[in-house]
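One structure is given below, encoded as structure tokens.
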């Protein structure tokens, strides 16, 4: 600040990458979070609200020898030289709480939370440095029943906020299966960490590069369209085959199922249509899927994976866990039309230790260029068994999900389900400055009747400004009482919604018998407003 | 961190002065804020959520030549050397928003907001460095109707969250009256700032020191019990008389009213009881006040103040504004049993430019030493006309109130109105690890019926641990299905609430015909749980 010779007046601006939320932007999010909370609480999850500020050592993102650890987070040094920082997610604070209160909390501990998190990253279009997360985690449960429960809860949550069944799919994978694949491919040693990293990143690019591109990255490397070369993992063909068996599991299963198409026309049609819709571009409204093809598909995927990792104990364990999850979910009625085993879910696999899951919205929206595309992922999570250990030295199993609040809200808006914003207030105009008490009494009566209402509080001199204000507020009705009306004991109600329609279609006959303005006895004010609002 | 050779494991602790909120602590606050929001929206206030982080120059708390401005706020330097900080209240961000979006917002702009604010102050018992505020402000309205509206809204808000009428009082004063008093006392010059400061601080201590103590501080000074001497403002007796006429307004009015007690016994009783209850220790349930003594009182106070500042234009303006506010409120039915003119409201007078108001809860609670005391203030605010000017150079009138969320919540808890915490979940125990899917199906059915329910997700080996878990969760019912029950197609419901009562009063006859445990057909699970919960 000292070197900045700026003018004396401060700039009225949020810092770069921060923004404000107004009116419906606030209430829509609040309403959505309320609905999510209701589902979470029904599942036995308890609310937790941790402080926004943590010690940097508790957040655990930084090496102790970094002098100013503000990479990625907003941090500062306290007066006693301790580094503090704003939380960057909800999981690190949960691990701290689980350690700090381990003797008081029930075990397992189910908790949910929502609130802002902060990231000290380069802001970009639609990318802010403060945003909301809504998380649910179960700490202290080793059983995959905990993972299955969260997947079911995720499905219920999406439906509760207004995403129709068929418009979403929860995909489940297991980090252990990938570990098994790595083992079978001879990539499990400590000395193979670099190769494993390249393989992970290659798998993560399946969507963009396709199977051929991934295959190239598993081998010598890949040259992209611009001519840039990315060095590959250098796997042998046999090793790459194993990994590709995992990467291409969905298409392999599809091929297998289509090869089984038999002579019964109905069954053939069932298999063909089901396999076509599962899994690359899930269209859950497909009749075959609804009729039960999902179970056939899940069984096919599990068989395929089982074959792939038959030589790896950890891999087999992973497949068994996926099988258990599918069975536990099926027992509650969550079939593969809602929750599906999908080996292509790799996002964040590096971080997790067991099952991982992701909720994807499958309906289409138009992208910036007007092209249709699937809405995509709105939530993700999985099992992370080592976070609490940092504090206590004891491993504590944990699994949980994080909903991207702003993305889900955008989806609800796209579907027209974001909830109605508060209606504009009825505006009582001020015709006579000396009778403010009368106008205020009108407002008081309307509010007492539960009607959103305001008296105009600006300078009343220019009546046009009062109507402009009412317009800006989205006001449905303006109340007017000048001297004549006051003498007659009446008030005038101006229907601003109807008025706007008439103004737009001034020639239309249909409005002629609906007056945009009525005069009623003062005593009937509330009833007349209620009638006009109900029209 | 570098110099601290602490063990490798991080401490699982919140930073000093920060805390976490669990379960009902979260939901009670959320419910209260929801009720407050409903009232605010009915009054036409729109929600606003600003970013938690502001530029230090926008917060405006610091001089530009202070190198590290973290006095009072949590601040840090951004990568481009700009100082950022966490907001310390909701008013500074509102001023920034009002300036930044002045061309887009309606004018007047009514907005409400709630959320955490942060203060970099020494934490103490019950004093945290992050806490909630809930504010409502009207920007751009010069009329005292805006102040009156907020006072009425404050009364409605307190009743909406569960404070009974008679248990609160909104007190209104006006900074201009005090300015007038200073003027009459000859303390209005620029060279008298030091004296005015001493006078303000002295007035602020009326509660603690009484009129005599304040009088001493207006003159030469005051020696306290410990012998410490506080230098006074050095006013002449005549000057001090004027200020004391303001400080002692309430007792002066009381004396006047009691001197008017006439011969009509009913009227005499009315005046005597009313004056006794107004205003030092308002007991609004007093019949005389309910019958209309409040209006007599308000008139008396206004007369007294009018006499005091008859020589000061600003002072007269202040009295007129108070009179208008009282009239506007009376027109809406907010009489002096709820909102009262009170010259003793001085908190924060230095900050405000016009009307100031404060909501006080008048019921008694016990303090730490078991002595009864009034609950006290839970909200305060007033008119501040110069905050937006910092940014734009143009003065913008504004008025608003801030509710101390944690204090109001403490009051609701003291009155037993904080809302019921979520009930503990029905816990489905795991008797047979191989039948997890069956137990999960039970949980699924209960949840679908809207019942909060969980399957036990810890290690099921020790059944005692499962019941201990259910106890810790405050669970009303445990569901048990061992091998025998499964074979018979039944489940056992254990009534844990009844069980606990029986355990406490094992000898009581009354429980003998209410079994704490029932066995029902599996198909009747949901209905049986609903019956037991309804008992």
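Keep in mind that glycine also has a Cβ here, set from the backbone N, Cα and C atoms.
Note that the coordinates shown come from a computational prediction; the quantities given were computed from them, not determined experimentally.
Over in TrEMBL, the protein carries these features:
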type: BINDING; residues: B:89, B:90, B:91, B:119, B:133, B:137, B:347, B:351, B:352; note: L-histidine binding site
type: DOMAIN; residues: B:1-421; note: domain 'Aminoacyl-transfer RNA synthetases class-II family profile'
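Sequence-distant neighbours of residue B:91 (L-histidine binding site) (same chain, six or more apart, CB under 8 Å from its CB) are B:135, B:137, B:384, B:387, B:400, B:402, listed in sequence order. Close to residue B:352 (L-histidine binding site) in the fold, though at least 6 residues off in sequence, lie B:175, B:382, B:383, B:384, each with a CB less than 8 Å from its CB.
Residue environment of residue B:89 (L-histidine binding site) contains 15 other Cβ atoms, counted within 10 Å of its Cβ in all protein chains. Computed over the domain 'Aminoacyl-transfer RNA synthetases class-II family profile' (B:1-421), the whole-number mean pLDDT of the model equals 87. When secondary structure is read from DSSP and collapsed to three states, residue B:89 (L-histidine binding site) falls in the coil class. Residue B:352 (L-histidine binding site) carries neither a helix nor a strand DSSP state and counts as coil.
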